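*Asks:* This structure is in structure tokens; I'll ask about it shortly.
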């Protein structure tokens with residue numbers, strides 16, 4: 001089934017060429033079904049790249065999804081033109097009276113800053129609080145996961161001695177959780193971050209459960225009981241060449257950076273990267289959409305406030 005996006009969105013053209021079923025607003029208006037309503041709070045600098053990555057995964061589900069793109073109004077983007085944001089994105093004030101089946105809060109390359117020093121932190125706190133009564137299930141990614149764990153549960157983040165950078169093996173802590181249905185015993189996920197959340201802090205919070213982790217990259221999936229909030233510390237949505245682009249960028253700026261682990265054959269950056277996370281990423285997003293959004297959300301979204 002298609003994902004419904006704003007008319008003219010550049011990601012639509014890219015994904016259509018990949019044979020992902022995209023439906024623009026005009027055509028979607030004539031569909032006599034209620035699609036899932038998903039709002040994506042995009043905190044990444046390059047909005048087009050991130051929205052394309054996430055829409056690609058949402059479009060691989062048999063469910064029809066209606067997309068609303070959201071950006072923090074209190075932050076001035078240096079990488080995405082304001083005209084683009086005005087044309088394709090909404091502000092919180094414009095959607096705060098609506099209710100959504102699901103929400104995705106992306107990462108942001110600001111994890112070395114204290115949360116309180118991030119210019120849009122007060123707005124993000126307001127949005128996260130709003131999501132509790134107006135969104136059925138929220139998926140937090142990387143820095144977004146750290147922000148959510150800190151805001152709701154006081155879980156701190158810690159600086160790493162070196163950037164966690166590469167594709168790492170993960171295992172499951174539970175096998176009877178629907179979010180994890182179909183996952184391999186060992187699966188791979190890209191990570192790209194300078195900070196971490198720690199297991200010893202999370203296990204102190206009774207509302208939280210660690211669902212998956214890695215000996216190398218630490219905690220990966222954390223969920224609240226019932227799946228209303230899912231925290232993902234890695235980047236399963238990454239394209240095959242995203243880590244390469246980050247590595248090449250840092251090398252060009254002469255920044256200290258290690259070769260991403262388990263990514264290039266023989267750890268040789270001249271080789272073509274090996275993708276080992278595509279199956280996991282599609283399953284993670286499909287399971288979240290199906291089991292935690294579609295199967296659980298009330299048909300009448302106005303009932304959300306009572307749950």
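Including glycine, each Cβ sits where the backbone N, Cα and C put it.
Annotations per Swiss-Prot:
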- 142: active site, acyl-thioester intermediate (ACT_SITE)
- 237: active site (ACT_SITE)
- 163, 192, 249: substrate binding site (BINDING)
- 111: site 'Important for acyl-CoA specificity' (SITE)
*Asks:* For residue 192 (substrate binding site), which residues in the same chain are close in space, meaning a Cβ under 8 Å from its Cβ, but six or more apart along the sequence?
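*Replies:* Correct list: 142, 163, 164, 165, 235, 238, 242, 243, 246, 260.
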*Asks:* How far apart, in Å, are the two Cα atoms that lie farthest from each other among 163, 192, 249, the residues recorded as binding substrate?
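*Replies:* The widest Cα-Cα gap among those binding residues is 15 Å.
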*Asks:* If you count Cβ atoms within 10 Å of the Cβ of residue 111 (site 'Important for acyl-CoA specificity'), leaving out that atom itself, what do you get?
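*Replies:* Around residue 111 (site 'Important for acyl-CoA specificity'), other Cβ atoms within 10 Å: 20.
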*Asks:* To which of the binding-site residues 163, 249 does the lowest count of other Cβ atoms within 10 Å belong?
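*Replies:* Result for the binding-site residues 163, 249: minimum number of other Cβ atoms within 10 Å at 249.
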*Asks:* An 8 Å radius from the center of the 163, 192, 249 Cβ atoms defines the neighbourhood of the substrate site; name the other residues of that chain inside it, in order.
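*Replies:* Those within range, site residues removed, are 165, 243, 246, 247, 250, 257, 260.
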*Asks:* Does DSSP put residue 111 (site 'Important for acyl-CoA specificity') in a helix, in a strand, or in coil?
*Replies:* coil
*Asks:* Can you tell me the CA-to-CA distance separating residue 237 (active site) and residue 111 (site 'Important for acyl-CoA specificity'), as a whole number of Å?
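*Replies:* So the Cα of residue 111 (site 'Important for acyl-CoA specificity') lies 18 Å away from that of residue 237 (active site).
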*Asks:* May I ask you to report the DSSP-based helix, strand or coil state of residue 249 (substrate binding site)?
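*Replies:* Its secondary structure by DSSP: helix.
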*Asks:* Can you grab the distance from residue 111 (site 'Important for acyl-CoA specificity') over to residue 249 (substrate binding site)? Cα atoms, rounded to a whole Å.
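*Replies:* Each residue's Cα considered, residue 111 (site 'Important for acyl-CoA specificity') and residue 249 (substrate binding site) end up 18 Å apart.
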*Asks:* So for residue 142 (active site, acyl-thioester intermediate), how many other CB atoms are inside 10 Å of its CB?
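*Replies:* Around residue 142 (active site, acyl-thioester intermediate), other Cβ atoms within 10 Å: 26.
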*Asks:* Let me check the 10 A CB neighbour count of residue 237 (active site). How many other CB atoms are there?
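*Replies:* Around the Cβ of residue 237 (active site), 25 other Cβ atoms lie within 10 Å.
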